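K.L.:
My structure is below; once you've seen it, I'll send some questions.
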Amino acid sequence: MPDVKKFEAGTYDVIVVGAGHAGCEAALAAARMGQKTLLLTISLEMLAFMPCNPSLGGPAKGIVVREIDALGGEMGKNIDRTYIQMRMLNTGKGPAVRALRAQADKAAYHRSMKHVIENTPNLDLRQGLATEVLVENGQAVGIVAATGAMYRAKSVVLTAGTSSRGKIIIGELMYSSGPNNSLPSIKLSENLEQLGFKLRRFKTGTPPRVNGNTIDFDKTEEQPGDKTPNHFSFTTPDSVYLKDQLSCWMTYTNATTHQIIRDNLDRAPMFSGVIKGVGPRYCPSIEDKIVRFADKPRHQLFLEPEGRDTSEYYVGDFSTSMPEEIQLKMLHSVAGLEHAELMRAGYAIEYDVIEPWQLKATLETKVVDNLFTAGQMNGTSGYEEAAGQGIMAGINAALRAQGKGPFTLKRSDAYIGVMIDDLVTKGTNEPYRLLTSRAEYRLLLRHDNADLRLKPMGHELGLISDERYAEFLAKRQAIETELNRLNTTRLKPKDVNPWLEAHHYAPLKDGVLASDFLKRPEIDYQTMAQFLPDNPTLDHRVIEQVEIQIKYAGYIAKEEASVAKLKRLEGKKIPLRINYAAINGLATEARQKLVKIQPETIAQASRISGVNPADVAILSVYIEQGRISKVAQ
């Protein structure tokens with residue numbers, strides 16, 4: 001077969017390869033920052049596609065969607081336009097773990113995002129298969145497509161997802177493919193290896209889809225959406241609220257299901273040695289669950305509609321790569337699915353990922369300058385994690401094209417910052433999923449305050465309009481004004497005690513500040529406000545902030561003190577060309593890890609596995625005593 005002739009096809013400031021959730025956010029960020037941007041995708045039909053669960057949000061992940069929105073991204077707005085169910089999770093728990101989750105109409109989500117991208121100034125959308133990164137003098141200068149088209153750029157962002165040398169596995173059947181039977185990206189992986197990148201294989205999977213018309217919902221438990229307005233985007237008004245929401249449904253596996261799986265483990269690629277890639281710890285296949293948790297009599301499953309105009313239902317928590325005939329037997333053993341028609345078989349997919357320790361905190365690679373990577377190819381799982389990386393890579397690619405300095409988020413700024421720091425500092429041996437437990441400062445990184453944390457940064461970057469920023473400033477001022485009022489207004493026992501005694505609470509002996517009264521667990525803002533004169537009319541989001549900031553003031557202060565200590569360590573930069581071999585006293589493992597990771601700050605060095613406090617102290621002393629000139633030679 002003759003070589004495809006190459007030709008010059010255009011010049012851009014930023015090129016983004018891949019139009020999944022990472023690629024869409026990266027391209028939109030770069031274009032909105034005024035950079036001429038190309039978004040290249042294997043298939044226009046796969047743009048912002050949801051090949052697995054048709055939902056967004058949940059613990060930690062839902063907060064990431066809010067953070068993307070606060071920075072000026074699109075994911076939150078797009079799901080608000082296209083959801084079919086919205087629920088706030090963990091409402092009985094504290095604000096640090098509350099999280100919004102939306103069921104998406106996956107076809108509408110794709111169409112809506114495609115419409116936004118097609119109508120964004122500075123942004124060209126094109127179908128094509130990238131095969132090579134053009135590199136000159138160690139810098140990315142463009143990409144080559146399979147057709148021979150060469151696109152030049154000042155910076156390049158790769159978001160290839162699970163297409164990178166993708167291989168789908170269903171029982172004994174294996175074939176080269178991207179997700180949902182899209183084209184795989186094979187040559188790009190080979191090119192990255194030639195450039196010196198270290199790749200590894202990961203695996204993920206998806207459950208079967210069944211025809212909702214053949215489900216007996218009477219045998220399942222209904223999970224309706226919330227009856228009060230909730231939104232991912234801070235710009236979506238409460239008046240835009242879907243009242244006609246679609247329910248999800250819950251059912252369970254049983255002893256028969258488990259026996260079918262056990263009887264056919266010899267045909268399960270997970271256990272026959274066919275699958276080599278490492279799968280996600282927090283989203284195991286159903287056959288893996290049955291083996292690992294053999295004592296469990298049942299596992300819950302969620303039946304989730306894939307959209308308003310389709311009968312397809314996603315069988316959540318039933319991911320499998322079993323042969324199709326076994327999948328049918330498994331499904332038909334489940335209550336409500338006895339006669340379910342299989343519309344799509346579940347499958348596993350293996351794919352290439354870049355070892356993320358080869359990345360900087362900006363998501364620029366250490367191997368090739370001006371080349372950024374984001375999304376699942378960095379070793380993460382999940383649409384939200386991908387989109388969070390995408391907006392950061394797009395911002396930094398645009399800043400690099402403009403000749404400006406980098407933009408990063410610290411662990412105390414955002415869950416996005418936690419994720420990126422985990423990836424570039426620790427790497428990952430399995431598909432990485434964000435969890436609230438990964439964040440040290442989760443009381444500061446809440447669902448409700450993402451705009452207070454990040455919107456000023458988004459405005460400074462040019463991603464938040466002056467109009468939206470003015471609305472934000474008004475909200476922030478209203479919060480500060482009300483906090484000041486409650487911190488300076490006293491309540492008298494004679495006004496409050498009748499209510500307290502009527503509700504069987506201990507009465508007050510002395511006057512108390514309104515803010516201290518609000519700290520009592522039995523008191524909420526509305527209860528307290530009835531004892532105050534001249535209450536202002538406040539938006540419920542302002543009231544929510546006031547109540548959280550007062551009730552959790554002590555805990556918030558403790559976390560802020562920890563953040564201040566961390567910032568001092570983050571301020572201690574490690575020179576780029578430091579020679580760790582010249583530093584006496586470092587443990588061998590610590591020296592090897594420091595050479596491999598190349599941390600940018602003392603704080604980052606302290607988080608590397610294998611680098612102990614003594615090593616950090618030695619490194620700090622060398623830098624502080626000015627011996628860096630010696631060790632950098």
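In case you wondered, yes, glycine gets a Cβ from its N, Cα and C as well.
Sharing the record's features from Swiss-Prot:
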| type | residues | note |
| --- | --- | --- |
| BINDING | GLY18, ALA19, GLY20, HIS21, ALA22, GLY23 | FAD binding site |
| BINDING | 279-293 | NAD(+) binding site |
| COMPBIAS | 216-229 | compositional bias 'Basic and acidic residues' |
| REGION | 208-232 | region 'Disordered' |
K.L.:
Same chain, outside the compositional bias 'Basic and acidic residues' (216-229) by at least 6, Cβ under 8 Å from its Cβ: which residues?
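P.N.:
Same-chain contacts beyond the flanks: 85-88, 103, 238, 240-242, 245-251, 302-303, 335-339.
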K.L.:
As a quick check of your reading of DSSP, tell me how many residues in the region 'Disordered' (208-232) are helical, how many are strand and how many are coil.
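P.N.:
So the counts come to 6 helix, 6 strand, 13 coil.
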K.L.:
Centre the Cβ atoms of GLY18, ALA19, GLY20, HIS21, ALA22, GLY23, go out 8 Å, and tell me which other residues of that chain have a Cβ in range of the FAD site.
P.N.:
VAL16, CYS24, GLU25, ALA26, THR41, LEU47, ALA48, THR159, GLY161, ALA374, GLY375, ALA386, GLY390
K.L.:
Take the Cβ of CYS283 (NAD(+) binding site) and count every other Cβ within 10 Å, whichever protein chain it belongs to.
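P.N.:
By my count, 18.
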K.L.:
Hey, what's the Cβ neighbour count for HIS21 (FAD binding site) at 10 Å?
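P.N.:
Counting Cβ neighbours of HIS21 (FAD binding site) within 10 Å gives 33.
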K.L.:
Between the Cα atoms of GLY18 (FAD binding site) and SER285 (NAD(+) binding site), find the distance and write it as a whole number of Å.
P.N.:
27
K.L.:
Of these binding-site residues, ALA22, GLY279, GLU287, VAL291, PHE293, which scores lowest on Cβ atoms within 10 Å?
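P.N.:
Counting other Cβ atoms within 10 Å of each of the binding-site residues ALA22, GLY279, GLU287, VAL291, PHE293 gives the minimum at PHE293.
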K.L.:
Nearest to CYS283 (NAD(+) binding site) by Cα distance: which of the binding-site residues ALA19, GLY20, GLY23 is it?
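P.N.:
Closest by Cα: GLY20.
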K.L.:
Would you mind checking how many other C-beta atoms are within 10 angstroms of the C-beta on ARG281 (NAD(+) binding site)?
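P.N.:
ARG281 (NAD(+) binding site) is surrounded by 12 other Cβ atoms within 10 Å.
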K.L.:
Rounded to a whole number, how many Å is the Cα of GLY20 (FAD binding site) away from the Cα of GLU287 (NAD(+) binding site)?
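P.N.:
Computed Cα spacing between GLY20 (FAD binding site) and GLU287 (NAD(+) binding site) is 28 Å.
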K.L.:
May I ask for the distance between GLY279 (NAD(+) binding site) and HIS21 (FAD binding site), taken between their Cα atoms and rounded to an integer number of Å?
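P.N.:
Between the Cα atoms of GLY279 (NAD(+) binding site) and HIS21 (FAD binding site), the distance comes to 20 Å.
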K.L.:
What is the number of other Cβ atoms found within 10 Å of the Cβ of SER285 (NAD(+) binding site)?
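P.N.:
Around SER285 (NAD(+) binding site), other Cβ atoms within 10 Å: 28.
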